[in-house]
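All remarks here apply to the structure that follows.
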Amino acid sequence: MTTAVHRDSVHGDSPSRSRALKRDTGQAALLVAPAMAVLAVVIGYPIIRAIYLSFQGNRRLDPATGVFTDGGFAGLENYLYWLTNRCMSPSGVVGTCPPGVLSTDFWPAVRITLFFTVVTVLLETVLGMIMALIMNTESRGRALIRAAVLIPWAIPTAVTAKLWQFMFAPAGIVNSLLGTDIAWTTDPWAARAAVIVADVWKTAPFMALLILAGLQMIPREVYEAARVDGASRWQQFTRITLPLVRPALMVAVLFRTLDALRMYDLPVIMISGSSNSPTATISQLVVEDMRQGNFNSASALSTLIFLLIFAVAFIMIRFLGANVGQVEREKRKRRFRR
């Protein structure tokens, strides 16, 4: 006598698993909803307000009455002011902005910001990977090493800037060690190098911490099997470590890139807060424009920064594999299908 075995009994009840997955997803959405509502108010309102102000004109002095008046709806004028260096005279004539106007520093600030972002993120990723690999090794002093590595990241940025400003002074420690008299805070390229060194020193531990979290998710059995098969350390790193740590690595790069694009306090404190400084970033122009009372054009520039950051985040998540959430969802779906 034979017994019929249904396919569903072997492979599991797929429809019930699918319903369970949908139920869990719905419950998770309900639990997250209050926090998302708060974030929508705290983050969404300033963005909407900045976009609205960016389409309004700055307050101007009326030549006839001598009184400051609201600019009213300005369309894309504030954006053209930054992107094309267009200015409007008190008489209403539109032309190229004269030297000394903040818009003339826009494109140099964009280039400096992108330069800082590419160089610092690249160096911090390499150093962060090295530090994460060291912290992930089995050793007696591992806890002490981790604590020491994280100290620079825990120091406030203002303190870090003052520390490195002292070290890069003409009679500071750096020149004494190198036996040079480089003007680190006045020479353009020396000032940029000083900011990069200070930023990498402070933020590389952050990259190391995120990469370390990814390394600790890799099973030890994988490396043991590779060693049994005769794989060298370099082969283990390139064929096991890098592919498996890639999601965490890309998230670390994403976070650090978005943070570097809005760099402000480090170059301001170390070098100068002037808009024509060799280390002036886009965020410095926003602050300087607000100090001059031009809140509407400053809102337009902050909106441009937001669009730049959004575009970078979209590209990295969509095309470069920084979407860890999607990877986890695919893993869950595969488990439920089994």
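For all residues, glycine too, the Cβ spot is worked out from N, Cα and C.
The stretch that TrEMBL tags with region 'Disordered', taken from the ranges 1-21, 85-105, is 1-21. The largest share of C-beta pairs under 8 angstroms with the transmembrane segment (112-135) comes from 189-215, of the ranges 28-48, 147-169, 189-215, 236-255, 300-325.
Note on the transmembrane segment (147-169): residues 131, 135, 175, 184-185, 194, 197-198, 201-206, 208-209, 265-266, 268-270 of its chain, located 6 or more positions outside it, place their CB under 8 angstroms from a CB of the stretch.
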